[in-house]
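Quick notes on the structure that follows.
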Amino acid sequence: MKTQNKVMGGHVLLTIFTLCMLCSGVRAQLSPGIYDKSCPYLVQIVRKQVTMALKAEIRMAASLIRLHFHDCFVNGCDASVLLDGADSEKLSIPNANSARGFEVVDTIKDAVENACPGVVSCADILTLAARESVYLTGGPMWRVALGRKDGLVANQSSANNLPSPFEPLDAIIAKFQAVGLNVTDVVALSGAHTFGQAKCDLFRNRLFNFTGQGSPDATLETTLLSDLRTVCPIGGNGNVTAPLDRNSTDVFDNNYFKNLLQGKGLLSSDQILFSSDLAVNTTKRLVEAYSQSQSLFFRDFTCSMIRMGGIMNPANGSSGEVRKNCRVINN
């Protein structure tokens, strides 16, 4: 049966039936309607708070979806990334002085608790906030399966092993496969780099001495290389940021993939999806397809987000909880 997409207000709205046809692997215990009676205005509450956050800082959209990604890849989607403490995932190498949006999640949680105390998990709030961040910046809409529990422990060591912008493509693919995701998910979810910023420290190695012999990354387009050397000079501040997608910095679209075809991916882990030798038989075809069809990208991105959102930690089970404060476990 052919997929039917409804285009409305520039957004691709995918029906539940279509999603069921397209996406597999969603956990049976999760349901879009689980809070219909216990917290009927949940989606409206989350959307209002995310809208306010994006009005204050549009970059927050990318930050919230990144939090969701970093949460689901460690212990499953259990809001462990939100926990404070000496062993917190916030202090891991990929997250320290990098992960953002915790205060926004706190604000959303407070608003939800005011309406429906003790009902909605922080993990579900983070999942919904990620969806709203995509939708409110021009991306697709989908119904989010809900019913996650909040984990009781963080896992800093696993957070240190999140997919890295410095890794080769085979290592990144292996990390996705380890949590039940596939090559399509690698490419589609990388498309979230269609908005947001990255620090110089994450790509400066490409600008000056990528080969170890004083040469830049040969796959980096020369005009972009020149511009980035100005933004991120040798010895400069590694916390200065550059947009991941310079042509549509704050819009969720398929321009990220068009950039890759021109050698304008900011991170090495972006450009290798198109330019590496391994990409020829794995990811390059998908990059080309998404660059040509935004609706195809939106469809696959939606399915990949649903699959990622279904990554669960079996250890949670009945031991999971609904945290009153997303930063600490309940007393």
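Any Cβ shown, glycine's included, is placed from N, Cα and C.
Unlike curated records, TrEMBL annotations are generated automatically.
Looking up Cys326 in TrEMBL gives a disulphide bond whose other cysteine, out of Cys122, Cys200, Cys232, is Cys122.
Of the listed residues Cys39, Cys72, Cys200, Cys39 is the one TrEMBL pairs with Cys116, by disulfide bond. Each residue contributes its Cα atom, and for Cys200 (disulfide bond) and Cys77 (disulfide bond) those atoms are 29 Å apart. Other than the site residues Asp71, Val74, Gly76, Asp78, Ser80, Glu89, same-chain residues with C-beta atoms no more than 8 angstroms from the centre of those residues' C-beta atoms, the Ca(2+) 1 site, are His70, Cys72, Phe73, Asn75, Cys77, Ala79, Val81, Gly151, Ala154, Asn155, Ala159, Asn313.
For the recorded positions Cys39, Cys77, Cys116, Pro163, Cys232, Cys326, a Cα to Cα distance of within 10 angstroms from His70 (active site, proton acceptor) holds for Cys77, Pro163. Nearest in space to Val74 (Ca(2+) 1 binding site), taking C-alpha to C-alpha distance over the recorded positions Cys39, Pro163, Cys232, is Pro163.
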